[in-house]
Structure formats: C-alpha cells, structure tokens
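S.K.: Pasting the feature list from Swiss-Prot:
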- 90, 92, 96, 135: Ni(2+) binding site (BINDING)
- 90, 92, 96, 135: Fe(2+) binding site (BINDING)
C-alpha cells in the first residue's frame, strides 16, 4: 500500500533515502488527492491484464498504449543520467500513469503550498500524476523498479523542466488545485 509523507528540506544527502521530517508527517490518500490531484489505485500486479479496476480505468480514460520500463543499473542504458533527468523537477502536458510490477521507488510532488510530498510506490501500486503538476521520480535504496506506463494514443513523454508556468496544462492544474480537485475522473 502506498505511503505518503512531507519531505524534509535536506538536499545534501542521497535522494534515494526516505527524507522524513522529524517527527514524520504522513498524509492519507484523500488528503493527497485534495492537495495535489494525484490518484491511487491498488492493482493485482501478478495478473494486471485481467484486473477489473485497471480495465475500467483504461476504458474510461482512453489509455490505448502501454509499455514496460525497468529502472536499474543493470537494465537501464545511461543509468546515471536517466536518474538525474527523472529527479529534475518537471511537469508533463499529459497524465503520467504508472503501475509498479516489481521493486519500489518514490514520486515527489509539490502540494498547494510548494512543499514536497514523497509518495512511496511498491508492487501493485498504480498512481496517476496529473498533467501540469511539478514532480520528480527517484529509485529508493533498492535501486530497482519495473513498471507499466499507460498513455492515451501514441506515447508522449516530454518533460518540461521548471519553470513551465506558462503552459496551458499548468494553468489548468492550478485552477483545479484551487478547487481542491473536484473528482472528475472517478472509476
């Protein structure tokens, strides 16, 4: 099950560590959604092709393309540079949909007060990062994650590094954030 917490402000230590505040300050999933619009679903990773929740998500949201990515030093070409790029604060013009099939990692997202929230994802976690939110990704200390990526149509994975506040997706995101993300995409 996904865990979410406010991150400390430490930037000099390993990004793959948990980076809890002292004392730790956790969020529940409804609060994560209200602050960021990030959605979470529990999926049967061992039989994801037949998972009813995933099937419904794909049908309702038009996810017609998917692929698989494995992030580890052994499997990812140009590993160090890819991780550096993943951890650079950025946004996308489309949702970022990830289902963890194996391993673990962290998605960091900014809340409505510009604080970093760390989302720990493990096998069976599916998260949807909304278009227009500043975020980043890193592996944890296990240095391994295998995930399915879902897209509407042909895959477009273009990161727009911060600042990108002039993009329409960012303006739309901020409008929805101001409204505490009235749930439009219920499954």
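Every residue number used here counts from 1 along the chain in the order it is shown.
A Cβ is built for glycine as well, from the same backbone N, Cα and C atoms used for every other residue.
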S.K.: Looking only at Cβ atoms, how many others are within 10 Å of the one on residue 90 (Ni(2+) binding site)?
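M.R.: Around residue 90 (Ni(2+) binding site), other Cβ atoms within 10 Å: 18.
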S.K.: What is the one among the binding-site residues 92, 135 whose Cβ has the most other Cβ atoms less than or equal to 10 Å away?
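M.R.: It comes out as 135.
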S.K.: Cβ within 8 Å of the Fe(2+) site's Cβ centroid: which residues qualify beyond 90, 92, 96, 135?
M.R.: 91, 129, 133, 134, 136, 159
